């Protein structure tokens, strides 16, 4: 093999190895950042994995919000109108968080079936509902509650 052909072959191999490594790293990073959405029914039925970060969403049950008096710990119940799941969170809830509205919590399920959230997302206006929550509500035969009109 002449030197020019050998040099070209090495360059092509180096490029292919570099592209392969880049694709592998990108896939690894994407796999670690995927958070699958689970409804309260799926979580209650044991379909959601424990010790894996997931997204859990539904409607916050009225009267279920409990705040700790001496810390930022919050506990509330989320439902899809079939089954409910308890969510615990340590931190400041979003300003738009209210009972009776749709939320999505990101966290892990503990051995007791409670979602220990590290992030809670609330809808940003009364017309928005996360697509996953809307789908889960439709599957359960419910519709999203209509907000009370102000004034």
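Placed from the backbone N, Cα and C atoms, the Cβ positions cover glycine too.
The topological domain 'Cytoplasmic' annotation in Swiss-Prot covers 1-8. According to DSSP, the topological domain 'Cytoplasmic' (1-8) comprises 6 helix, 0 strand, 2 coil.
The transmembrane segment feature in Swiss-Prot is assigned to 9-29; the stated evidence is sequence analysis. Same-chain residues lying 6+ beyond the ends of the transmembrane segment (9-29) with a Cβ under 8 Å from its Cβ atoms: 1.
Within the model, the topological domain 'Periplasmic' (30-151) carries an average pLDDT of 82. Here Swiss-Prot flags 30-151 as topological domain 'Periplasmic'.
Per Swiss-Prot, heme binding site is recorded for 124, 128.
Tertiary proximity for the topological domain 'Cytoplasmic' (1-8), restricted to same-chain residues at least six positions away from its ends with a CB under 8 Å from its CB atoms, involves no residues.
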